Amino acid sequence: MVERAGWCRKKSPGFVEYGLMVLLLLLLGAIVTLGVFYSIGKQLPLLTSLLHFSWDERTVVKRALRDSSLKSDICTTPSCVIAAARILENMDQSRNPCENFYQYACGGWLRHHVIPETNSRYSVFDILRDELEVILKGVLEDSTSQHRPAVEKAKTLYRSCMNQSVIEKRDSEPLLSVLKMVGGWPVAMDKWNETMGLKWELERQLAVLNSQFNRRVLIDLFIWNDDQNSSRHVIYIDQPTLGMPSREYYFQEDNNHKVRKAYLEFMTSVATMLRKDQNLSKESAMVREEMAEVLELETHLANATVPQEKRHDVTALYHRMDLMELQERFGLKGFNWTLFIQNVLSSVEVELFPDEEVVVYGIPYLENLEDIIDSYSARTMQNYLVWRLVLDRIGSLSQRFKEARVDYRKALYGTTVEEVRWRECVSYVNSNMESAVGSLYIKRAFSKDSKSTVRELIEKIRSVFVDNLDELNWMDEESKKKAQEKAMNIREQIGYPDYILEDNNKHLDEEYSSLTFYEDLYFENGLQNLKNNAQRSLKKLREKVDQNLWIIGAAVVNAFYSPNRNQIVFPAGILQPPFFSKDQPQSLNFGGIGMVIGHEITHGFDDNGRNFDKNGNMLDWWSNFSARHFQQQSQCMIYQYGNFSWELADNQNVNGFSTLGENIADNGGVRQAYKAYLRWLADGGKDQRLPGLNLTYAQLFFINYAQVWCGSYRPEFAVQSIKTDVHSPLKYRVLGSLQNLPGFSEAFHCPRGSPMHPMKRCRIW
């Protein structure tokens, strides 16, 4: 490694020096053994001194680190050699880790990886997803054996998606058929006002889009666990999503103008193409005028919505009321709420109770919606509602419709090329048939032994979280006890649900029993999926909550926490290097999947998760003292991350409010994982070093943690993500969390006042 000014770390010995040390050891025996002890002490000075262990425990940890490294040797297995090569290639050892650890850990990765033309962002996560999709392609295209019905349906759906010649031949025909089903698209037909417009009702239109096409437009009605009683389901009413990814794009700031213009051109082009396909006159001026009205309407809707950073407190969002109160408070110029909701539920043969209650999340939006509805004609409303359905279905049509959105996607994401077809199809099938596809992935690529190993890691990190509560002087004993109870009650799901591999278990086939796919009807297959997903959700209203239900599929590179279930989920897709391998050193496992485990556990105690108790019910279990001080501790982190200015996103600052929950989880996760690793060593765990890397165990832990987040963005997507992503940009996830961790600056000998060892640190958990 190259020495850098201000890098106050002793240079580690190279291979030649190690060879000499071995010879000297044979000759000098005990004398050099003392020297080795001294050398190791110099490499890892006071590694645990600021982790608030007791003095006795601190001594045990340091002794364990010494003994472990003395007894271990360099790992030369294929897995270790691959890990060493990956780490070395990703690093930029010319950079000072105390100045910018992200560049030190990821500089090589950034230098070696160019963002593909199809991607708006490219990262370690994206590469893992790409590799997973290659596996899924193989199993979905494998025709050598017959599978159970659910799996065969997934393969048929995949083949229909790949059947591009038929998709091109059918062109806009399937979409035009759907437009008739939803009452027509006024801008793309003649005489709508005199025909379909005469019997138009907003309530019925919204209900059809919701129940038949899973499009919750204008009003977001959905079924989910009741926040106040997690054992039952309830109807929720909330503000909707919009056609563009963020409400900010609808406003007239200079940097949004290009996106708005491209969006309007996209809308206009699609409507014009559909008119031509029906042999209607082009009517360019009329089409542009009506699509401009649609954009104006959607802009007013965007203005009526509440920014996401102001919606973090679920206790402030939650308002329970019966249908009569809903109607009285939000009449919306005669909008019949009972008719709307009943029409949605009738699709699954569910009847509203006379005293049915709903939970309204979007009160400010509904208060603003009345004036908007009153300002626009039925024609403009229908143009907007159907546009949102058309927008969703563009990807299922022929190539010329995809080409119509090229400029819009370029303005929004910076991409100029569509994803290669097989990847698009693999992703689509996995998203819609996650259990069936997951069963294929598990059989092909997942080691079942990983489940027990990860479960042990969860227990180690959960134990550290509980012990860390004693270090918090901002939290009183009453609240600490409740926090401990909640942490101990967190349930985990690892890898996959067992039933997807059980041939005698009919649940997997029953999950897709209502679906019948055809290889030459990809568009209609997609409509079946939309309807099935919508109705499967709506049916839950009268069903008891299944606490063992998986909220995500197995073939997914991610992890999750559900506050309503107090449950953490680690799909099989993330249980792979660099996150996890039973064949790589434990420093990498703790810095990888260990950090992820700590991250998800901490989500149970972030600015949203803290509002739910050990059973997943929204309940205030905090004392006034602890709640007040939690807010104060949070302000430190909001300020810290809010001061990160991202040059790639036009020098916009990270939104410390909207990213708070993820920042809390990142900070807690890496802190818990590191302490759990030290404790594992102290308890006799024997780790191994990697060949070719003069790095201590602690340094390997932090480098693997950082390299999980290596990645780069296109400028357009950087601008979008800073508006919409609840996560901080990748490099600030690393820098922010490690700046706050004393163990990091100790491991790399960063002087106080250096960028990675700031004078003030933030800590919540």
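Cβ coordinates come from backbone N, Cα and C, glycine included.
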Problem - N-linked glycosylation site according to Swiss-Prot, picked from Asn229, Asn279 - result: Asn279
Exercise for the section: Regarding the disulphide bond with Cys106, report which of Cys636, Cys710, Cys750 Swiss-Prot records as its partner. Expected result: Cys710
Handout entry: Candidate sharing the Zn(2+) site with His599, His603 (per Swiss-Prot), from Glu543, Glu647, Glu662
Key = Glu662
Fill in the blank from the handout: Annotated as N-linked glycosylation site in Swiss-Prot, from the list Asn643, Asn694, is Asn694
Handout entry: Whichever of Cys636, Cys750 is disulfide-bonded to Cys762 when Swiss-Prot is consulted
Key = Cys636
Practice task
Between Cys80, Cys98, Cys161, work out which one Swiss-Prot annotates as bonded to Cys750 by a disulfide.
Solution key: Cys98
Handout entry: Cβ atoms near Asn163 (N-linked glycosylation site) (within 10 Å, other residues, all chains)
Key = 18
Exercise for the section: Measure from the Cβ of Cys106 (disulfide bond) and count the other Cβ atoms within 10 Å, all protein chains considered. Expected result: 29
Problem - Whole-number Å value for how far Asp666 (active site, proton donor) lies from Cys762 (disulfide bond) (Cα to Cα) - result: 12
Problem - Protein Cβ atoms within 10 Å of Cys80 (disulfide bond), excluding its own - result: 20
Practice task
For the recorded Zn(2+) site, whose residues are His599, His603, Glu662, find every other residue on that chain with a C-beta no more than 8 angstroms from the centre of their C-beta atoms, and list them by sequence position.
Solution key: Tyr561, Glu600, Thr602, Asp606, Gly661, Ile664, Ala665, Asp666, Gly668, Gly669
Exercise for the section: Give the residue from the glycosylation sites Asn279, Asn336 that has the most other Cβ atoms within 10 Å of its Cβ, counting over every protein chain displayed. Expected result: Asn336
Problem - DSSP state at Cys75 (disulfide bond), helix/strand/coil - result: coil
Completion exercise
By the 10 Å Cβ-neighbour count, the most surrounded of the disulfide-bonded residues Cys161, Cys636 is Cys161
Practice task
May I ask which residues of the same chain, at least 6 positions away in sequence, place their Cβ under 8 angstroms from the Cβ of Cys710 (disulfide bond)?
Solution key: Asn90, Ala105, Cys106, Trp109, Leu110, Ser123, Val124, Leu730
